[in-house]
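Trainee: Mind having a look at this structure? Questions to follow.
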(Lines of atoms letter the chains of each structure in order from A and count residues from 1; the text may use other names and numbers.)
(Lines give C-alpha, C1' and ligand atoms only; values in the text may rest on other atoms or scores of the structure.)
Protein backbone atom coordinates (compact mmCIF):
# COMPACT_ATOMS: atom_id res chain seq x y z
CA UNK A 1 0.00 0.00 0.00
CA UNK A 2 1.39 3.36 -1.06
CA UNK A 3 0.67 6.37 1.07
CA UNK A 4 1.43 10.03 0.57
CA UNK A 5 3.06 12.14 3.27
CA UNK A 6 -0.38 13.19 4.50
CA UNK A 7 -1.40 9.56 4.45
CA UNK A 8 1.29 8.64 6.97
CA UNK A 9 0.37 11.57 9.14
CA UNK A 10 -3.22 10.38 9.14
CA UNK A 11 -2.13 6.85 9.97
CA UNK A 12 -0.17 8.06 12.99
CA UNK A 13 -3.12 10.21 14.03
CA UNK A 14 -5.42 7.21 13.78
CA UNK A 15 -3.04 5.05 15.80
CA UNK A 16 -2.75 7.57 18.62
CA UNK A 17 -6.34 8.65 18.89
CA UNK A 18 -8.32 5.64 17.71
CA UNK A 19 -6.42 2.35 17.67
CA UNK A 20 -4.50 2.65 20.94
CA UNK A 21 -7.47 3.84 23.07
CA UNK A 22 -9.68 1.18 21.52
CA UNK A 23 -7.09 -1.44 22.25
CA UNK A 24 -6.83 -0.24 25.85
CA UNK A 25 -10.59 -0.43 26.29
CA UNK A 26 -10.63 -3.95 24.86
CA UNK A 27 -7.70 -4.96 27.06
CA UNK A 28 -9.40 -3.68 30.17
CA UNK A 29 -12.66 -5.33 29.23
CA UNK A 30 -11.11 -8.79 28.94
CA UNK A 31 -9.06 -8.61 32.13
CA UNK A 32 -9.86 -8.34 35.78
CA UNK A 33 -7.99 -7.10 38.81
CA UNK A 34 -7.00 -3.79 40.23
CA UNK A 35 -7.54 -0.94 37.78
CA UNK A 36 -4.54 0.89 39.19
CA UNK A 37 -2.06 -1.87 38.24
CA UNK A 38 -2.98 -2.62 34.65
CA UNK A 39 0.14 -4.64 33.83
CA UNK A 40 -0.69 -7.34 36.39
CA UNK A 41 -4.20 -8.00 35.14
CA UNK A 42 -5.32 -11.49 34.11
CA UNK A 43 -7.46 -12.52 31.15
CA UNK A 44 -11.06 -12.89 32.24
CA UNK A 45 -14.61 -12.92 30.88
CA UNK A 46 -15.92 -12.03 34.33
CA UNK A 47 -16.96 -8.49 33.32
CA UNK A 48 -19.16 -9.72 30.48
CA UNK A 49 -20.73 -12.40 32.62
CA UNK A 50 -21.54 -9.80 35.20
CA UNK A 51 -23.26 -7.61 32.64
CA UNK A 52 -25.54 -10.36 31.35
CA UNK A 53 -27.65 -10.40 34.49
CA UNK A 54 -31.24 -9.09 34.59
CA UNK A 55 -30.41 -5.87 36.39
CA UNK A 56 -27.90 -4.63 33.84
CA UNK A 57 -29.78 -6.01 30.84
CA UNK A 58 -32.78 -4.01 32.00
CA UNK A 59 -30.67 -0.83 31.78
CA UNK A 60 -29.50 -1.74 28.27
CA UNK A 61 -33.06 -2.46 27.21
CA UNK A 62 -34.27 0.85 28.53
CA UNK A 63 -31.43 2.74 26.84
CA UNK A 64 -32.23 1.16 23.50
CA UNK A 65 -35.94 1.74 23.98
CA UNK A 66 -35.55 5.44 24.71
CA UNK A 67 -32.99 5.94 21.92
CA UNK A 68 -35.29 4.11 19.50
CA UNK A 69 -38.36 6.17 20.42
CA UNK A 70 -36.45 9.44 20.29
CA UNK A 71 -35.05 8.49 16.86
CA UNK A 72 -38.56 7.82 15.58
CA UNK A 73 -39.89 11.09 17.01
CA UNK A 74 -36.93 12.95 15.49
CA UNK A 75 -37.71 11.34 12.13
CA UNK A 76 -41.43 12.14 12.30
CA UNK A 77 -40.71 15.75 13.24
CA UNK A 78 -37.56 16.18 11.22
CA UNK A 79 -38.62 14.86 7.83
CA UNK A 80 -41.51 17.30 7.30
CA UNK A 81 -39.35 20.17 8.54
CA UNK A 82 -36.52 19.23 6.16
CA UNK A 83 -39.01 18.82 3.31
CA UNK A 84 -40.69 22.17 3.90
CA UNK A 85 -37.38 24.00 4.20
CA UNK A 86 -36.03 22.33 1.05
CA UNK A 87 -39.09 23.56 -0.87
CA UNK A 88 -38.70 27.16 0.34
CA UNK A 89 -37.20 29.86 -1.85
CA UNK A 90 -33.42 29.84 -1.84
CA UNK A 91 -33.14 33.04 0.20
CA UNK A 92 -35.60 31.90 2.88
CA UNK A 93 -34.13 28.42 2.87
CA UNK A 94 -30.76 29.59 4.17
CA UNK A 95 -32.39 31.66 6.88
CA UNK A 96 -34.60 28.77 8.00
CA UNK A 97 -31.76 26.30 8.16
CA UNK A 98 -29.66 28.85 10.03
CA UNK A 99 -32.43 29.21 12.60
CA UNK A 100 -32.25 25.48 13.07
CA UNK A 101 -28.52 25.42 13.48
CA UNK A 102 -28.02 28.47 15.72
CA UNK A 103 -29.06 26.70 18.99
CA UNK A 104 -26.40 24.09 18.25
CA UNK A 105 -23.75 26.78 18.58
CA UNK A 106 -24.66 27.15 22.22
CA UNK A 107 -23.24 24.87 24.87
CA UNK A 108 -24.97 21.52 25.02
CA UNK A 109 -25.07 21.45 28.83
CA UNK A 110 -26.48 24.94 28.99
CA UNK A 111 -29.28 24.03 26.62
CA UNK A 112 -30.14 20.97 28.69
CA UNK A 113 -30.05 22.94 31.94
CA UNK A 114 -32.51 25.34 30.38
CA UNK A 115 -35.08 22.55 30.35
CA UNK A 116 -34.64 22.19 34.12
CA UNK A 117 -35.92 25.72 34.66
CA UNK A 118 -38.73 25.10 32.20
CA UNK A 119 -39.91 21.76 33.56
CA UNK A 120 -39.03 22.01 37.27
CA UNK A 121 -41.50 21.98 40.17
CA UNK A 122 -41.30 25.76 40.31
CA UNK A 123 -40.43 26.05 36.65
CA UNK A 124 -42.00 28.33 34.11
CA UNK A 125 -44.50 25.78 32.82
CA UNK A 126 -45.74 24.82 36.28
CA UNK A 127 -45.93 28.49 37.17
CA UNK A 128 -48.34 29.01 34.32
CA UNK A 129 -50.34 25.92 35.26
CA UNK A 130 -50.76 27.01 38.87
CA UNK A 131 -51.67 30.54 37.74
CA UNK A 132 -54.51 28.95 35.80
CA UNK A 133 -55.62 27.24 38.97
CA UNK A 134 -54.42 23.67 38.35
CA UNK A 135 -52.20 21.43 40.45
CA UNK A 136 -48.49 21.55 39.42
CA UNK A 137 -47.34 18.56 37.36
CA UNK A 138 -44.33 16.30 37.74
CA UNK A 139 -42.69 17.18 34.49
CA UNK A 140 -39.13 16.52 35.45
CA UNK A 141 -37.22 13.36 36.40
CA UNK A 142 -39.06 10.84 34.27
CA UNK A 143 -38.64 9.09 30.91
CA UNK A 144 -40.70 11.67 29.07
CA UNK A 145 -38.39 14.46 30.20
CA UNK A 146 -35.38 12.44 29.01
CA UNK A 147 -37.07 11.78 25.67
CA UNK A 148 -37.82 15.46 25.32
CA UNK A 149 -34.19 16.29 26.02
CA UNK A 150 -32.99 13.76 23.45
CA UNK A 151 -35.38 14.94 20.74
CA UNK A 152 -34.56 18.57 21.42
CA UNK A 153 -30.82 18.05 21.34
CA UNK A 154 -30.61 15.65 18.42
CA UNK A 155 -33.34 16.89 16.08
CA UNK A 156 -30.97 19.05 13.98
CA UNK A 157 -28.90 15.93 13.26
CA UNK A 158 -31.98 14.39 11.67
CA UNK A 159 -33.05 17.51 9.79
CA UNK A 160 -29.71 18.43 8.24
CA UNK A 161 -28.84 15.24 6.33
CA UNK A 162 -32.42 14.84 5.05
CA UNK A 163 -32.50 18.49 4.02
CA UNK A 164 -29.18 18.05 2.26
CA UNK A 165 -30.41 15.07 0.23
CA UNK A 166 -33.71 16.75 -0.63
CA UNK A 167 -32.13 19.97 -1.90
CA UNK A 168 -29.69 18.06 -4.07
CA UNK A 169 -32.43 15.96 -5.64
CA UNK A 170 -32.74 16.42 -9.40
CA UNK A 171 -36.01 18.25 -9.99
CA UNK A 172 -36.45 16.61 -13.38
CA UNK A 173 -36.99 13.27 -11.57
CA UNK A 174 -40.01 14.77 -9.85
CA UNK A 175 -41.25 16.19 -13.14
CA UNK A 176 -40.71 12.82 -14.79
CA UNK A 177 -42.90 11.22 -12.14
CA UNK A 178 -45.71 13.76 -12.73
CA UNK A 179 -45.26 13.27 -16.43
CA UNK A 180 -45.86 9.53 -16.04
CA UNK A 181 -49.16 10.15 -14.27
CA UNK A 182 -48.20 10.18 -10.60
CA UNK A 183 -49.89 12.94 -8.59
CA UNK A 184 -48.06 14.81 -5.85
CA UNK A 185 -48.69 12.22 -3.13
CA UNK A 186 -47.70 9.26 -5.30
CA UNK A 187 -44.64 11.15 -6.50
CA UNK A 188 -43.61 11.67 -2.90
CA UNK A 189 -44.14 8.02 -1.97
CA UNK A 190 -42.58 6.49 -5.07
CA UNK A 191 -39.82 8.92 -5.97
CA UNK A 192 -38.97 11.60 -3.42
CA UNK A 193 -39.04 9.47 -0.27
CA UNK A 194 -37.12 6.47 -1.67
CA UNK A 195 -34.48 8.80 -3.07
CA UNK A 196 -34.13 10.58 0.27
CA UNK A 197 -33.45 7.34 2.18
CA UNK A 198 -29.67 7.87 2.34
CA UNK A 199 -30.35 11.12 4.20
CA UNK A 200 -32.83 9.41 6.50
CA UNK A 201 -30.26 6.74 7.22
CA UNK A 202 -27.59 9.31 8.09
CA UNK A 203 -30.09 11.10 10.30
CA UNK A 204 -31.12 7.90 12.08
CA UNK A 205 -27.49 7.02 12.71
CA UNK A 206 -26.63 10.46 13.96
CA UNK A 207 -29.55 10.55 16.36
CA UNK A 208 -29.54 6.96 17.55
CA UNK A 209 -25.84 6.69 18.47
CA UNK A 210 -25.61 9.73 20.74
CA UNK A 211 -29.06 8.98 22.17
CA UNK A 212 -28.22 5.41 23.11
CA UNK A 213 -24.97 6.39 24.82
CA UNK A 214 -25.95 9.69 26.46
CA UNK A 215 -25.51 10.14 30.20
CA UNK A 216 -25.81 13.90 30.53
CA UNK A 217 -29.40 14.18 29.36
CA UNK A 218 -30.55 11.25 31.47
CA UNK A 219 -28.81 12.38 34.63
CA UNK A 220 -29.98 16.01 34.31
CA UNK A 221 -33.56 15.43 33.19
CA UNK A 222 -34.09 11.88 34.43
CA UNK A 223 -32.56 12.26 37.86
CA UNK A 224 -32.09 8.82 39.37
CA UNK A 225 -35.35 7.55 37.83
CA UNK A 226 -33.98 7.09 34.34
CA UNK A 227 -30.74 5.23 34.57
CA UNK A 228 -29.20 4.48 31.16
CA UNK A 229 -26.21 2.50 30.05
CA UNK A 230 -24.29 5.73 29.58
CA UNK A 231 -24.84 6.52 33.24
CA UNK A 232 -23.74 3.05 34.20
CA UNK A 233 -20.48 3.36 32.26
CA UNK A 234 -19.85 6.84 33.64
CA UNK A 235 -20.38 5.53 37.15
CA UNK A 236 -17.77 2.77 36.72
CA UNK A 237 -15.13 5.23 35.60
CA UNK A 238 -15.90 8.19 37.82
CA UNK A 239 -17.18 6.77 41.08
CA UNK A 240 -16.82 3.01 41.45
CA UNK A 241 -13.39 2.90 39.87
CA UNK A 242 -14.06 -0.43 38.12
CA UNK A 243 -12.50 0.37 34.74
CA UNK A 244 -12.71 -3.27 33.68
CA UNK A 245 -16.45 -3.49 34.00
CA UNK A 246 -16.89 -0.02 32.45
CA UNK A 247 -14.78 -1.03 29.47
CA UNK A 248 -16.69 -4.26 29.02
CA UNK A 249 -19.97 -2.33 28.92
CA UNK A 250 -18.50 0.12 26.41
CA UNK A 251 -17.56 -2.79 24.17
CA UNK A 252 -21.03 -4.30 24.47
CA UNK A 253 -22.63 -0.97 23.58
CA UNK A 254 -20.26 -0.58 20.64
CA UNK A 255 -21.09 -4.03 19.31
CA UNK A 256 -24.73 -3.26 19.72
CA UNK A 257 -24.45 0.00 17.77
CA UNK A 258 -22.50 -1.76 15.02
CA UNK A 259 -25.22 -4.41 14.71
CA UNK A 260 -28.01 -1.87 14.56
CA UNK A 261 -26.12 0.19 11.96
CA UNK A 262 -25.58 -2.93 9.85
CA UNK A 263 -29.31 -3.66 10.06
CA UNK A 264 -30.24 -0.11 9.10
CA UNK A 265 -27.90 0.02 6.14
CA UNK A 266 -29.49 -3.17 4.82
CA UNK A 267 -32.54 -1.06 4.02
CA UNK A 268 -30.43 1.19 1.89
CA UNK A 269 -29.80 -0.45 -1.47
CA UNK A 270 -27.05 1.87 -2.62
CA UNK A 271 -25.18 1.91 0.68
CA UNK A 272 -24.90 5.67 0.53
CA UNK A 273 -25.38 6.02 4.25
CA UNK A 274 -22.68 8.58 4.68
CA UNK A 275 -23.10 12.16 5.69
CA UNK A 276 -21.29 13.47 2.65
CA UNK A 277 -22.15 16.92 1.48
CA UNK A 278 -22.92 18.16 4.93
CA UNK A 279 -19.64 18.00 6.76
CA UNK B 1 -65.39 22.30 -40.50
CA UNK B 2 -61.65 21.80 -40.41
CA UNK B 3 -60.20 18.81 -38.62
CA UNK B 4 -59.38 19.32 -34.95
CA UNK B 5 -55.67 19.81 -34.38
CA UNK B 6 -53.89 17.70 -31.79
CA UNK B 7 -52.53 20.80 -30.12
CA UNK B 8 -53.24 24.49 -30.58
CA UNK B 9 -51.17 27.14 -28.88
CA UNK B 10 -53.16 30.35 -28.81
CA UNK B 11 -51.61 33.75 -28.06
CA UNK B 12 -49.11 32.13 -25.72
CA UNK B 13 -46.87 34.44 -23.69
CA UNK B 14 -44.54 33.64 -20.83
CA UNK B 15 -42.70 36.00 -18.54
CA UNK B 16 -40.05 35.00 -16.00
CA UNK B 17 -39.99 38.07 -13.80
CA UNK B 18 -39.43 40.90 -16.25
CA UNK B 19 -38.08 38.63 -18.99
CA UNK B 20 -40.47 38.02 -21.85
CA UNK B 21 -39.51 34.49 -22.91
CA UNK B 22 -42.45 33.81 -25.20
CA UNK B 23 -44.10 36.62 -27.09
CA UNK B 24 -47.66 35.96 -28.26
CA UNK B 25 -46.99 32.65 -29.94
CA UNK B 26 -49.54 30.90 -32.14
CA UNK B 27 -48.99 27.41 -33.46
CA UNK B 28 -50.97 24.33 -34.28
CA UNK B 29 -49.73 20.76 -34.38
CA UNK B 30 -51.46 18.08 -36.43
CA UNK B 31 -51.92 14.42 -35.61
CA UNK B 32 -48.91 12.18 -36.29
CA UNK B 33 -46.76 15.14 -37.15
CA UNK B 34 -43.05 15.27 -36.37
CA UNK B 35 -42.69 18.91 -35.44
CA UNK B 36 -39.40 20.47 -34.39
CA UNK B 37 -38.93 23.67 -32.44
CA UNK B 38 -35.58 24.96 -33.60
CA UNK B 39 -33.63 27.92 -32.35
CA UNK B 40 -30.60 29.14 -30.41
CA UNK B 41 -30.56 28.78 -26.63
CA UNK B 42 -32.86 31.23 -24.93
CA UNK B 43 -35.23 31.46 -27.89
CA UNK B 44 -38.15 30.04 -25.90
CA UNK B 45 -38.30 26.58 -27.45
CA UNK B 46 -37.84 24.64 -24.21
CA UNK B 47 -40.32 26.92 -22.42
CA UNK B 48 -42.87 26.18 -25.14
CA UNK B 49 -42.34 22.46 -24.64
CA UNK B 50 -42.63 22.77 -20.85
CA UNK B 51 -45.90 24.67 -21.23
CA UNK B 52 -47.28 21.91 -23.46
CA UNK B 53 -46.12 19.33 -20.90
CA UNK B 54 -47.74 21.26 -18.04
CA UNK B 55 -44.53 21.99 -16.13
CA UNK B 56 -44.93 25.74 -16.63
CA UNK B 57 -48.07 27.80 -16.86
CA UNK B 58 -48.25 30.47 -19.54
CA UNK B 59 -48.51 34.06 -18.37
CA UNK B 60 -51.09 34.61 -21.07
CA UNK B 61 -52.75 32.46 -23.70
CA UNK B 62 -54.16 28.98 -23.97
CA UNK B 63 -53.05 25.44 -24.66
CA UNK B 64 -55.74 23.45 -26.43
CA UNK B 65 -55.50 19.67 -26.71
CA UNK B 66 -57.85 18.01 -29.21
CA UNK B 67 -60.23 20.92 -28.89
CA UNK B 68 -60.22 21.05 -25.07
CA UNK B 69 -58.54 23.83 -23.14
CA UNK B 70 -55.91 22.19 -20.92
CA UNK B 71 -54.18 25.36 -19.69
CA UNK B 72 -53.42 24.93 -15.99
CA UNK B 73 -54.00 21.18 -15.98
CA UNK B 74 -51.17 19.45 -14.06
CA UNK B 75 -48.80 17.19 -16.03
CA UNK B 76 -50.16 13.99 -14.46
CA UNK B 77 -53.58 14.61 -15.97
CA UNK B 78 -52.33 15.19 -19.54
CA UNK B 79 -52.15 12.50 -22.22
CA UNK B 80 -48.68 13.72 -23.04
CA UNK B 81 -45.34 12.19 -22.12
CA UNK B 82 -41.88 13.66 -22.10
CA UNK B 83 -38.35 12.50 -22.82
CA UNK B 84 -36.21 14.75 -20.68
CA UNK B 85 -32.95 16.34 -21.67
CA UNK B 86 -30.88 14.36 -19.17
CA UNK B 87 -33.27 11.40 -19.38
CA UNK B 88 -34.37 11.73 -15.71
CA UNK B 89 -34.48 7.97 -15.18
CA UNK B 90 -35.20 6.92 -11.60
CA UNK B 91 -31.88 5.77 -10.11
CA UNK B 92 -33.57 3.69 -7.38
CA UNK B 93 -35.43 1.54 -9.90
CA UNK B 94 -34.10 -0.91 -12.47
CA UNK B 95 -34.86 -0.81 -16.19
CA UNK B 96 -38.09 -2.80 -15.90
CA UNK B 97 -39.38 -0.74 -12.96
CA UNK B 98 -38.55 2.50 -14.76
CA UNK B 99 -40.53 1.57 -17.85
CA UNK B 100 -43.35 0.08 -15.76
CA UNK B 101 -43.66 3.23 -13.60
CA UNK B 102 -46.48 4.85 -15.56
CA UNK B 103 -48.38 1.58 -16.03
CA UNK B 104 -48.21 0.78 -12.31
CA UNK B 105 -49.59 4.22 -11.50
CA UNK B 106 -52.47 3.43 -13.83
CA UNK B 107 -52.98 0.13 -11.93
CA UNK B 108 -52.59 -2.14 -14.95
CA UNK B 109 -52.41 -5.88 -14.30
CA UNK B 110 -49.02 -7.48 -13.82
CA UNK B 111 -49.30 -9.57 -17.00
CA UNK B 112 -50.18 -6.55 -19.06
CA UNK B 113 -47.29 -4.56 -17.59
CA UNK B 114 -44.88 -7.38 -18.29
CA UNK B 115 -46.07 -7.77 -21.85
CA UNK B 116 -45.92 -4.08 -22.65
CA UNK B 117 -42.51 -3.51 -21.07
CA UNK B 118 -41.09 -6.45 -23.03
CA UNK B 119 -42.57 -5.06 -26.24
CA UNK B 120 -41.11 -1.64 -25.55
CA UNK B 121 -37.66 -3.03 -24.82
CA UNK B 122 -37.83 -4.79 -28.17
CA UNK B 123 -38.87 -1.59 -29.90
CA UNK B 124 -35.84 0.24 -28.52
CA UNK B 125 -33.50 -2.72 -29.17
CA UNK B 126 -32.78 -3.46 -25.53
CA UNK B 127 -34.56 -6.80 -25.07
CA UNK B 128 -33.28 -8.66 -22.01
CA UNK B 129 -32.23 -5.53 -20.13
CA UNK B 130 -35.10 -5.75 -17.57
CA UNK B 131 -33.00 -6.37 -14.47
CA UNK B 132 -30.20 -3.98 -15.32
CA UNK B 133 -29.33 -1.08 -13.06
CA UNK B 134 -29.79 2.38 -14.62
CA UNK B 135 -26.29 3.47 -13.70
CA UNK B 136 -24.78 0.50 -15.55
CA UNK B 137 -26.18 1.74 -18.89
CA UNK B 138 -24.42 3.89 -21.45
CA UNK B 139 -25.81 7.28 -22.47
CA UNK B 140 -27.36 5.85 -25.62
CA UNK B 141 -29.03 3.03 -23.71
CA UNK B 142 -30.39 5.38 -21.04
CA UNK B 143 -31.77 7.46 -23.87
CA UNK B 144 -33.65 4.48 -25.28
CA UNK B 145 -35.00 3.54 -21.86
CA UNK B 146 -36.25 7.10 -21.42
CA UNK B 147 -38.05 6.86 -24.76
CA UNK B 148 -39.48 3.44 -23.85
CA UNK B 149 -40.65 4.73 -20.46
CA UNK B 150 -42.56 7.52 -22.18
CA UNK B 151 -43.92 5.54 -25.14
CA UNK B 152 -45.21 2.62 -23.07
CA UNK B 153 -47.99 4.87 -21.79
CA UNK B 154 -49.26 5.27 -25.36
CA UNK B 155 -49.41 9.05 -25.18
CA UNK B 156 -51.11 11.05 -27.90
CA UNK B 157 -48.12 13.36 -27.98
CA UNK B 158 -44.49 12.75 -27.12
CA UNK B 159 -42.35 15.73 -26.13
CA UNK B 160 -38.59 15.43 -26.61
CA UNK B 161 -36.31 18.05 -25.10
CA UNK B 162 -32.95 17.90 -26.89
CA UNK B 163 -32.85 14.16 -26.27
CA UNK B 164 -29.72 13.57 -28.32
CA UNK B 165 -27.71 16.46 -26.95
CA UNK B 166 -25.55 14.34 -24.65
CA UNK B 167 -24.66 11.69 -27.23
CA UNK B 168 -21.61 11.61 -29.50
CA UNK B 169 -21.97 12.44 -33.18
CA UNK B 170 -22.14 8.90 -34.55
CA UNK B 171 -24.67 7.71 -31.99
CA UNK B 172 -26.66 10.88 -32.53
CA UNK B 173 -26.98 10.18 -36.26
CA UNK B 174 -28.07 6.60 -35.58
CA UNK B 175 -30.63 7.72 -33.03
CA UNK B 176 -32.00 10.35 -35.42
CA UNK B 177 -32.87 7.65 -37.91
CA UNK B 178 -34.21 5.34 -35.18
CA UNK B 179 -36.38 8.03 -33.64
CA UNK B 180 -37.89 8.88 -37.01
CA UNK B 181 -38.60 5.17 -37.60
CA UNK B 182 -40.16 4.80 -34.15
CA UNK B 183 -42.35 7.82 -34.72
CA UNK B 184 -43.60 6.38 -37.97
CA UNK B 185 -44.19 2.91 -36.53
CA UNK B 186 -46.07 4.01 -33.39
CA UNK B 187 -47.86 6.78 -35.25
CA UNK B 188 -48.00 9.50 -32.62
CA UNK B 189 -47.23 13.20 -32.65
CA UNK B 190 -43.64 14.08 -31.76
CA UNK B 191 -42.72 17.57 -30.65
CA UNK B 192 -38.98 17.83 -30.70
CA UNK B 193 -36.78 20.61 -29.36
CA UNK B 194 -33.28 21.13 -30.67
CA UNK B 195 -30.73 23.80 -31.49
CA UNK B 196 -29.13 21.55 -34.11
CA UNK B 197 -30.42 22.65 -37.51
CA UNK B 198 -29.20 19.51 -39.26
CA UNK B 199 -31.11 17.32 -36.79
CA UNK B 200 -34.23 19.40 -37.39
CA UNK B 201 -33.97 19.16 -41.16
CA UNK B 202 -33.28 15.40 -41.12
CA UNK B 203 -36.19 14.26 -38.95
CA UNK B 204 -39.04 16.74 -39.11
CA UNK B 205 -42.22 17.05 -41.09
CA UNK B 206 -42.50 20.64 -39.92
CA UNK B 207 -39.81 22.91 -38.58
CA UNK B 208 -40.63 25.92 -36.42
CA UNK B 209 -37.71 28.32 -36.29
CA UNK B 210 -37.77 30.47 -33.15
CA UNK B 211 -35.76 33.43 -31.92
CA UNK B 212 -36.30 35.81 -29.01
CA UNK B 213 -39.59 34.21 -28.05
CA UNK B 214 -41.10 34.59 -31.49
CA UNK B 215 -41.71 32.25 -34.36
CA UNK B 216 -39.52 33.31 -37.28
CA UNK B 217 -40.75 30.77 -39.81
CA UNK B 218 -42.87 27.62 -39.99
CA UNK B 219 -42.45 25.21 -42.88
CA UNK B 220 -41.21 21.91 -44.21
CA UNK B 221 -37.45 21.38 -43.96
CA UNK B 222 -37.15 22.05 -47.71
CA UNK B 223 -39.08 25.31 -47.48
CA UNK B 224 -37.08 26.48 -44.52
CA UNK B 225 -33.82 25.75 -46.23
CA UNK B 226 -34.65 27.02 -49.70
CA UNK B 227 -36.92 29.90 -48.90
CA UNK B 228 -35.82 31.46 -45.61
CA UNK B 229 -38.17 34.28 -44.75
CA UNK B 230 -35.68 36.56 -43.07
CA UNK B 231 -32.04 37.15 -42.34
CA UNK B 232 -32.18 35.26 -39.04
CA UNK B 233 -33.55 32.07 -40.57
CA UNK B 234 -31.10 32.26 -43.45
CA UNK B 235 -28.21 32.63 -41.04
CA UNK B 236 -29.38 29.99 -38.60
CA UNK B 237 -30.23 27.29 -41.14
CA UNK B 238 -27.17 26.22 -43.04
CA UNK B 239 -24.52 28.60 -44.24
CA UNK B 240 -25.32 31.70 -46.22
CA UNK B 241 -23.84 34.66 -47.98
CA UNK B 242 -25.90 37.62 -46.83
CA UNK B 243 -25.39 40.91 -48.66
CA UNK B 244 -26.96 44.34 -48.49
CA UNK B 245 -28.85 45.11 -51.65
CA UNK B 246 -31.27 47.55 -53.24
CA UNK B 247 -34.37 46.42 -55.10
CA UNK B 248 -34.44 48.63 -58.19
CA UNK B 249 -37.71 47.25 -59.46
CA UNK B 250 -39.40 43.85 -59.84
CA UNK B 251 -36.91 41.14 -60.83
CA UNK B 252 -33.93 43.54 -60.62
CA UNK B 253 -31.70 43.69 -57.58
CA UNK B 254 -28.52 45.72 -57.15
CA UNK B 255 -25.66 44.54 -54.92
CA UNK B 256 -21.87 44.73 -54.94
CA UNK B 257 -22.25 47.64 -57.39
CA UNK B 258 -23.81 45.39 -60.00
CA UNK B 259 -27.28 44.64 -61.25
CA UNK B 260 -28.57 41.08 -61.01
CA UNK B 261 -31.71 39.47 -62.35
CA UNK B 262 -33.78 37.71 -59.70
CA UNK B 263 -37.23 36.11 -59.32
CA UNK B 264 -38.54 38.33 -56.51
CA UNK B 265 -41.07 41.09 -56.85
CA UNK B 266 -43.45 43.24 -54.87
CA UNK B 267 -40.92 45.50 -53.15
CA UNK B 268 -40.95 49.29 -53.03
CA UNK B 269 -38.83 51.05 -55.59
CA UNK B 270 -35.22 51.20 -54.36
CA UNK B 271 -36.12 49.41 -51.12
CA UNK B 272 -33.13 48.30 -49.08
CA UNK B 273 -33.09 44.50 -48.85
CA UNK B 274 -31.06 41.50 -47.62
CA UNK B 275 -29.81 39.27 -50.41
CA UNK B 276 -29.21 35.64 -49.35
CA UNK B 277 -27.23 33.24 -51.49
CA UNK B 278 -26.36 29.70 -50.36
CA UNK B 279 -22.67 28.70 -50.72
CA UNK B 280 -23.53 25.82 -53.06
CA UNK B 281 -25.48 28.16 -55.32
CA UNK B 282 -22.45 30.21 -56.34
CA UNK B 283 -20.98 28.67 -59.50
CA UNK B 284 -17.32 28.88 -60.46
CA UNK B 285 -17.13 29.69 -64.19
CA UNK B 286 -14.78 30.94 -66.92
CA UNK B 287 -14.14 34.67 -67.04
CA UNK B 288 -16.31 35.25 -70.13
CA UNK B 289 -19.44 33.83 -68.41
CA UNK B 290 -18.77 35.42 -65.02
CA UNK B 291 -20.80 38.09 -63.27
CA UNK B 292 -18.12 38.72 -60.67
CA UNK B 293 -14.39 38.10 -60.53
CA UNK B 294 -12.49 37.21 -57.40
CA UNK B 295 -9.38 35.67 -55.87
CA UNK B 296 -9.53 32.37 -53.96
CA UNK B 297 -8.31 33.06 -50.41
CA UNK B 298 -8.34 29.52 -49.06
CA UNK B 299 -9.62 26.05 -49.88
CA UNK B 300 -10.68 23.20 -47.59
CA UNK B 301 -11.44 19.69 -48.81
CA UNK B 302 -14.68 18.46 -47.21
CA UNK B 303 -15.16 15.07 -48.81
CA UNK B 304 -17.99 15.67 -51.26
CA UNK B 305 -17.08 19.26 -52.01
CA UNK B 306 -14.46 21.93 -51.58
CA UNK B 307 -15.20 24.78 -49.23
CA UNK B 308 -13.58 28.03 -50.35
CA UNK B 309 -13.51 31.68 -49.59
CA UNK B 310 -13.40 33.95 -52.62
CA UNK B 311 -12.63 37.64 -52.28
CA UNK B 312 -14.42 39.93 -54.75
CA UNK B 313 -14.19 43.71 -54.68
CA UNK B 314 -16.29 44.25 -51.52
CA UNK B 315 -17.26 40.86 -50.16
CA UNK B 316 -15.75 37.53 -49.16
CA UNK B 317 -17.94 34.72 -50.52
CA UNK B 318 -18.44 31.34 -48.89
CA UNK B 319 -18.60 28.87 -51.74
CA UNK B 320 -19.14 25.10 -51.86
CA UNK B 321 -18.02 23.66 -55.16
CA UNK B 322 -16.95 20.35 -56.61
CA UNK B 323 -14.43 22.20 -58.80
CA UNK B 324 -10.98 22.47 -57.26
CA UNK B 325 -9.24 25.85 -57.50
CA UNK B 326 -5.91 26.62 -55.86
CA UNK B 327 -5.64 29.42 -53.36
CA UNK B 328 -4.58 32.61 -55.09
CA UNK B 329 -6.17 31.77 -58.44
CA UNK B 330 -8.37 34.26 -60.24
CA UNK B 331 -11.89 32.86 -60.75
CA UNK B 332 -15.23 33.91 -62.22
CA UNK B 333 -18.47 33.61 -60.23
CA UNK B 334 -22.03 33.32 -61.44
CA UNK B 335 -25.40 33.08 -59.64
CA UNK B 336 -28.53 32.10 -61.54
CA UNK B 337 -31.65 34.21 -60.82
CA UNK B 338 -33.47 31.35 -59.10
CA UNK B 339 -30.77 31.14 -56.40
CA UNK B 340 -30.88 34.80 -55.42
CA UNK B 341 -33.20 35.17 -52.42
CA UNK B 342 -34.29 38.70 -51.67
CA UNK B 343 -35.86 39.47 -48.32
CA UNK B 344 -37.10 42.56 -46.54
CA UNK B 345 -34.86 44.11 -43.92
CA UNK B 346 -36.09 43.71 -40.37
CA UNK B 347 -37.18 46.89 -38.69
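A Cβ is built for glycine as well, from the same backbone N, Cα and C atoms used for every other residue.
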Trainee: Of the residue ranges A:42-63, A:64-85, which one carries the transmembrane segment annotation in TrEMBL?
Mentor: A:64-85
Trainee: Same chain only, please: residues at least 6 beyond the ends of the transmembrane segment (A:145-166) with a C-beta under 8 Å from a C-beta of the stretch. Say none if there are none.
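Mentor: For the transmembrane segment (A:145-166), the far contacts come to 66-67, 69-71, 73-75, 77-79, 81-83, 85-86, 97, 100-101, 103-104, 108, 111-112, 115, 119, 139, 192, 195-196, 198-200, 202-204, 206-207, 210-211, 214, 217-218, 220-222, 226, 228, 275, 277-278.
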Trainee: If I count Cβ-Cβ pairs under 8 A between the transmembrane segment (A:187-212) and each of A:7-30, A:64-85, A:97-116, A:243-263, which range comes out on top?
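Mentor: Top-ranked stretch among A:7-30, A:64-85, A:97-116, A:243-263: A:64-85.
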Trainee: Same chain, outside the transmembrane segment (A:7-30) by at least 6, Cβ under 8 Å from its Cβ: which residues?
Mentor: 38, 41, 43-45, 47-48, 243-244, 246-248, 250-251
Trainee: In the same chain, which residue numbers or ranges, 6 or more beyond the ends of the transmembrane segment (A:64-85), come under 8 angstroms Cβ to Cβ?
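Mentor: Distant Cβ neighbours of the transmembrane segment (A:64-85) are 93, 96-97, 100, 143, 146-147, 150-151, 154-155, 157-160, 162-163, 166, 199-200, 203-204, 207-208, 211-212, 226, 228, 256.
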